[in-house]
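Chemist: The structure under discussion is supplied below as structure tokens; questions concerning it will follow.
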Amino acid sequence: MASHPTLKTTFAARSEATTHPLTSYLLRLMDLKASNLCLSADVPTARELLYLADKIGPSIVVLKTHYDMVSGWDFHPDTGTGAKLASLARKHGFLIFEDRKFGDIGHTVELQYTSGSARIIDWAHIVNVNMVPGKASVASLAQGARRWLERYPCEVKTSVTVGTPTMDQFDDAEDAKDDEPATVNDNGSNMMEKPIYAGRNGDGRKGSIVSITTVTQQYESAASPRLGKTIAEGDESLFPGIEEAPLNRGLLILAQMSSEGNFMTGEYTQACVEAAREHKDFVMGFISQEALNTQADDDFIHMTPGCQLPPEDEDQQTNGKVGGDGQGQQYNTAHKIIGIAGSDIAIVGRGILKASDPVEEAERYRSAAWKAYTERLLR
């Protein structure tokens, strides 16, 4: 791991220097909550996922999901599982990271990200990419996020009124209809008046008027768009001390893995870093085993999986591995991941999920990861 100024800089200071809106928000959130913990919520049902997000949300800054392994996932855009997670994220102050590991040609990954039944981009603040197919996958995901964001420059509010006018009103409107342009109100809204009537009979008599429907559309600026959809009427809960997360989306590049025998070479990792530098408006950082910031203006964040703590009665400062799971995963302590390797966020799954008290264990991991960060600043 190369020495870099970000290793000795507080999250609060880094939040002011970074140019990515979502990275800045995440760093401020980490400082506010004194947490650099991500929960890998690999559970089989939507009910369990939402329960964990609600109970452990106060201890974490990122919730990592795998929507395609969750049975009972509700795809409704307003009231489904993704929308409920977004509501819990606002309530407890964390970001949602869908661990999709996109790994296909650019056109395909853009569609997987922005469309389909899940519409990941609508509810996940962060996604990641396996860059084996090449840099085009990063460029296409960035393009998809940019196009999606462009659809939110303003809010459209539509009102419809229906009424039955008097005959005198209709006479006035008919006399003027050939001379006046379409009605436009003061704020630029289009007002379309559509009379519904039987027309004139052959002898020139007017038919009866049924009604007039007025449709008004107002286009109001949304300079600071947010995920405004709520689960229930009046649900305005928001984590105190910080505004709602920006609508900007972010990408993590899978640069290194914690699994034994993986094929991510140094050459591949370097290509990931280069791609990140080319798309700094979208790429937040990396899934990696160490800090990859080397150039002076690199300000990427790093998230590292495979974090596990020894039992409470053992040394928490161990610098080595603490075993594996027998299926290739290799574990390291928070002290090793954050304090020595220079990562920013520790990703923890089974270490918390399999504990007798997951909420209490999440606090233990949060405390250990934060301590490793603060000690790194002083080193």
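One is the number of the first residue shown, and numbering goes on along the chain from there.
For all residues, glycine too, the Cβ spot is worked out from N, Cα and C.
Predicted, not measured: the structure shown is a model, and the values here were computed from it.
I grabbed these lines from Swiss-Prot:
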- Asp42, 64-66, 99-108, Tyr331, Arg350: substrate binding site (BINDING)
- Lys101: active site, proton donor (ACT_SITE)
- 165-198: region 'Disordered' (REGION)
- 169-178: compositional bias 'Acidic residues' (COMPBIAS)
Chemist: Once the DSSP letters are reduced so that anything not helix or strand counts as coil, what is Ile105 (substrate binding site)?
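Modeler: Coil, per DSSP.
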Chemist: Within 10 Å of the Cβ of His107 (substrate binding site), how many other Cβ atoms can you find? Include all protein chains, please.
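Modeler: The Cβ of His107 (substrate binding site) has 12 Cβ neighbours within 10 Å.
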Chemist: If you count other CB atoms within 10 A of each CB, which of Asp42, Thr65, Gly103 wins among these binding-site residues?
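Modeler: Per the Cβ count within 10 Å, the most buried is Thr65.
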Chemist: So, three-state DSSP: helix, strand or coil for Asp99 (substrate binding site)?
Modeler: strand
Chemist: If you run the three-state DSSP split on Thr65 (substrate binding site), which class comes out?
Modeler: strand
Chemist: I'd like the number of other C-beta atoms within 10 A of the C-beta of Tyr331 (substrate binding site), please.
Modeler: 21
Chemist: Relative to the Cβ position of Lys101 (substrate binding site), how many further Cβ atoms are located within 10 Å?
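Modeler: The answer is 13.
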Chemist: What are the non-local neighbours of Asp99 (substrate binding site), defined as same-chain residues 6+ apart in sequence with CB under 8 A from its CB?
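Modeler: Expected: Ser40, Lys64, Thr65, His66, Val127, Asn128.
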